[in-house]
């Protein structure tokens, strides 16, 4: 009997790790995502992030290459751009880098953070990008479009969020272009009040991009036809993590990471307890 129980829980845990990797994606609150807003620890993170960035470079060659490319572009466009007090070269470089080739790999790591937090090598990049949007946000709301080649399914109950940083466009034509959308995908029509218009920072200004932080929550969700989803009433923010990589958040970090690995630990302990 203990052996059967062990097998059951091991199978259950493995299923949890792969659920959602195939077929339509669930539109929910993205519980596995890394969604830190760094509330109360910005000064600490500004001190620590440069060191974290070097650590990330050592473990993530793609990020290092993308960062160096973005840094060159940022230095070229910086003199002709306006930005608020507190916005520095790190913030600008991160924002430019996101519009390049790194976004797909970065967002995958953000979405799957809870499954493997030890392999998250975008610590500083996540902070700088989050902070860039916070500094550039002026409270304006935008009506935007996002086309995907992946089908999303909404159960019809509850608020939702993307969890990851989400690119959208002021242009429906851009969102529905073959580069981003297919007949088997989903077209999102979104009202965002935390998203920031980043055309002036982008490698692709023709995309008319509005970048939405993953912690924006939409309280009204409506589906239309086969592949359109409307997201409205973005009045709340939700994060499961805060100041995870700052010394100010050391206690919270331990608790959060313990909760992340708890299911696998329970499975292993159960198996070891067999006679």
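A Cβ is built for glycine as well, from the same backbone N, Cα and C atoms used for every other residue.
What Swiss-Prot records for 146, 167, 209 is active site, and it gives sequence analysis as the kind of evidence. Annotation comment: Swiss-Prot describes 98, 146, 164, 202 as NAD(+) binding site. Annotation source Swiss-Prot lists disulfide bond at 41-243, 141-193. For 61-238, the entry in Swiss-Prot reads domain 'TR mART core', with the evidence type sequence analysis. For 246, the entry in Swiss-Prot reads GPI-anchor amidated serine. The feature ADP-ribosylarginine is assigned by Swiss-Prot to 204, with a curator's inference given as support. Look at Swiss-Prot and you will find 1-20 tagged as signal peptide.
Sequence features, as recorded in Swiss-Prot, placed on the structure.
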residue : record                     : Cβ within 10 Å
41      : disulfide bond             : 22
98      : NAD(+) binding site        : 26
146     : active site                : 23
167     : active site                : 23
193     : disulfide bond             : 14
202     : NAD(+) binding site        : 21
204     : ADP-ribosylarginine        : 13
209     : active site                : 25
243     : disulfide bond             : 22
246     : GPI-anchor amidated serine : 24
What same-chain residues, at least 6 away in sequence, bring their CB to under 8 Å of the CB of residue 141 (disulfide bond)?
191, 192, 193, 234
What DSSP gives for residue 146 (active site), in three states, is strand
Stretch-averaged pLDDT - the domain 'TR mART core' (61-238)
96
Residue 41 (disulfide bond) versus recorded positions 146, 164, 202, 204 - nearest by Cα:
164
If one measures from the C-alpha of residue 164 (NAD(+) binding site) to the C-alpha of residue 146 (active site), what distance in angstrom results, rounded to a whole number?
14
Between residue 98 (NAD(+) binding site) and residue 167 (active site), what is the CA-CA distance rounded to a whole number of Å?
10
DSSP-derived structure type at residue 167 (active site), helix or strand or else coil:
strand
Residue 164 (NAD(+) binding site), Cβ-centred 10 Å count of other Cβ atoms over all protein chains shown, is 22
Integer Cα-Cα distance in angstrom, residue 209 (active site) to residue 243 (disulfide bond):
28
Nearest to residue 167 (active site) by C-alpha distance, among the recorded positions 146, 202, 204, 246, is 146
